[in-house]
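Colleague: What TrEMBL shows for this protein is this:
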- 53-71: transmembrane segment (TRANSMEM)
- 92-118: transmembrane segment (TRANSMEM)
- 130-152: transmembrane segment (TRANSMEM)
- 164-183: transmembrane segment (TRANSMEM)
- 189-211: transmembrane segment (TRANSMEM)
- 223-242: transmembrane segment (TRANSMEM)
- 248-269: transmembrane segment (TRANSMEM)
- 281-307: transmembrane segment (TRANSMEM)
């Protein structure tokens, strides 16, 4: 059953990818970077061709593995199989998780290694856990959240091995990465809360806070709780001083889903059927907001119908380039002079930099301009001007 749910999720994500273009940030990783993500996406496009599906395939694949791992690690917390299915399904459709599965980013790999470590810890495989931690040192600086959480968990459980591992990997991280803080309070705390609410969907985020607090004051705290709460408080604390790259913290929070489901289902089931009405209403509201947020993420193209300014669409920077390159090719144009950002994006679709044609968002002086309109649902999303200059 889990594999059917994962397959359905992948089918919806594939539909979402069909309307995406490579963004400027992704193009920089593809053409100008030399790091882990660059190696992953260039390998994929060499094997499967230079297209958007190949570009994003590694992230779909790791997303599938993460969903299976979420199901696996939830077993000690959720004894019933149906509860674990609910947990995996809710995780798959969190807006932030959907985004991490379709955009070139580290989040999926951060989640994978974190869940893998939790799985090894649950199943008493310390050596495999250490090897996983070693791998984390070379992927992302954000794993300091994991190392500190392991240290705190070791102190809480009086586990000598966890305490030693936490200290060693914190010191290794400091040696390899260093640490820097700067700035004065500038109101980024509220911005950070807004991002968390968007990643979870607003009411699910409230469930996250409620579940974390309830476990803190009333229930046994496991490693997953320490990982998510450490990242959450670090994100909020540091956001009071500086603007953060929240993608360094969010992956550790979305994996909290098994504990959210556990707390919410326990709260529901301890009550007699006649006293569950309020909980049923709350569940409908929570799932409705998640459903709407997920729909907006997957079927994002349709949101253009409701926007007066298409450029304000949250996915606009992942749009237009593919359609624009197709229109240029229909004109028989394979190279253009344009802005650095657009040129790098068009390069992915086979349009190179050149000097025979100029492409601009504004009319070009002393030249016979041809207009290229990018239209979706009979609505102009963007407009470019092309002219022959040589």
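Each Cβ is built from the backbone N, Cα and C atoms, and glycine gets one as well.
Caution: TrEMBL annotation is automatic and unverified by curators.
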Colleague: List, by number or range, the same-chain residues at least 6 past the transmembrane segment (92-118) whose CB is under 8 A from its CB atoms?
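Modeller: Cβ under 8 Å, 6 or more out: 5-6, 9, 13, 16-17, 20, 23, 25-26, 29-30, 36-37, 41, 55-56, 59-60, 62-63, 65-67, 69-70, 73, 129, 132-133, 135-136, 139-140, 142-143, 146, 198-201, 204, 223-224, 227, 247, 250-252, 254-255, 257, 290-291, 293-294, 296-298, 318.
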Colleague: Would you kindly check 53-71, 130-152, 223-242, 248-269, 281-307 and say which stretch has the most C-beta pairs under 8 angstroms to the transmembrane segment (189-211)?
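Modeller: It is 248-269, which has the most Cβ pairs under 8 Å.
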Colleague: For the transmembrane segment (248-269), could you work out the same-chain residues 6 or more beyond its ends whose Cβ comes under 8 Å from its Cβ atoms?
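Modeller: Here the qualifying positions are 70, 73-74, 77-78, 83-84, 86-87, 90-91, 94, 96-97, 100, 107-108, 110-111, 114-115, 118, 140-142, 145-146, 149, 195-196, 199-200, 204, 207-208, 210-212, 214-215, 219, 222, 224-225, 227-228, 230-232, 234-235, 276, 279, 283.
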